[in-house]
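Visitor: Positions annotated as Mg(2+) 1 binding site by Swiss-Prot: E90, D109, L111. What Swiss-Prot lists as Mg(2+) 2 binding site is D109, D112, E271, and the listing cites sequence analysis. Sequence annotations record features per position, and here Swiss-Prot assigns substrate binding site to D112, G113, S114, S115, N199.
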Amino acid sequence: MDQGQTLARLLDSYATDPRKRAVAAAVGAIAEASIEISELIGQGALAGITGAAHGASNADGDVQKDLDVRAEAAIVAALKNVPYAALASEEAEALLMGDPQAPISIAYDPLDGSSNIDTNMTVGTIFSIIPNEPGVAPFTAPGSCQLAAGFVVYGPQTSFVLTLGDGVDIFTLDRKDHVYRLIREKVKVAGDTAEYAINASNHRHWEQPVRDFVDECLAGADGPRAKNFNMRWIGSLVAEAYRILTRGGVFLYPADSRPGYGDGRLRLLYETHPMAFVMEQAGGAASTGRERVLDLSAAATSTHQRSPLIMGSSDKVNRIVELHLDPSAASRTAPLFGRRGLFRT
């Protein structure tokens, strides 16, 4: 690994044609905005950031925090000189249209996990860059068409995770020089990790295949997986994804039976698509339980379409898919545990 590599240098070497130059400009602009957002978060109440509701709701119906609004403004301002055809943001009901002949469109969540601000927990920014095809409705291509994707983690360090379609690199913000420096190159998701992340309070609402997988993990060394597992749940998508990239495991935000959760809660364009692209580029996998996330396309009328997300180590994602597609797989693997989970319903 080149210890002197920076995000800016990587983008310079990548920008070899007009479309790649637009991608590089977009990633660079988001990186610049993320430095501003990181400083706001770091100042917290000293900068007037309290986690209080702003008084409005975003396009998804979530109550906006004051930092949601400031993060959105920072990103829109940073992208003003980038040649884009359209922007799709969690914080905006409609697309922000640019030059219809521009080579790219950009989808982003300016501040994922903003409900964590007042508890001083990890939040982040997520983005996806796709090619623009003049005459075709923006953001209707499958996720496999993404040119670049990534996310920023505002934690103890501010880290920038990026794929340009050729592996995944992780950069950390050098606060002294205000540049992102490469710390991990061509990251690979570990396969043999005994960790899974899911909000277990929703167990009664899950479909049976999700219950079966969790029951296998809970059974530990005495169960069909013959291994003790730890359950994690941070409630921050970027933090969960970063942990998986650095030490493996699997994250589940499945569909469930609650009203409004039939397609999960995460948004396809600016949450599940970019996360799935990052995971696959790092040798992992991402599925809804039944379909590869990168095979999904958004409807032209649904910028904020939802999708379940199961991502992480390929072996675990594949096992969950197997349980969805072949329910008898649970009883074949371990009849004692297939329907006798540790949670009673």
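Placed from the backbone N, Cα and C atoms, the Cβ positions cover glycine too.
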Visitor: Applying a 10 Å Cβ distance cut-off over all chains shown, what neighbour count does D109 (Mg(2+) 1 binding site) have?
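Guide: I get 31 for this one.
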Visitor: CB neighbours of N199 (substrate binding site) within 10 A?
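Guide: Around the Cβ of N199 (substrate binding site), 15 other Cβ atoms lie within 10 Å.
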Visitor: List, in sequence order, those binding-site residues among D109, L111, G113, S114, S115, N199 whose Cα sits within 10 Å of the Cα of E271 (Mg(2+) 2 binding site).
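Guide: Among D109, L111, G113, S114, S115, N199, the ones whose Cα sits within 10 Å of that of E271 (Mg(2+) 2 binding site) are D109.
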Visitor: When a 10 Å sphere is centred on the Cβ of S115 (substrate binding site), how many other Cβ atoms does it contain?
Guide: 17
Visitor: What does DSSP say about G113 (substrate binding site): helix, strand or coil?
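Guide: SS state of G113 (substrate binding site) = coil.
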Visitor: If you measure from the C-alpha of E90 (Mg(2+) 1 binding site), which of the binding-site residues D112, G113, S114, S115, N199 fall inside 10 Å?
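Guide: The binding-site residues passing the 10 Å Cα test are D112.
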Visitor: When the Cα-Cα distance from N199 (substrate binding site) is computed for each of the binding-site residues D109, L111, D112, which gives the smallest value?
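Guide: Of the binding-site residues D109, L111, D112, D112 has its Cα closest to that of N199 (substrate binding site).
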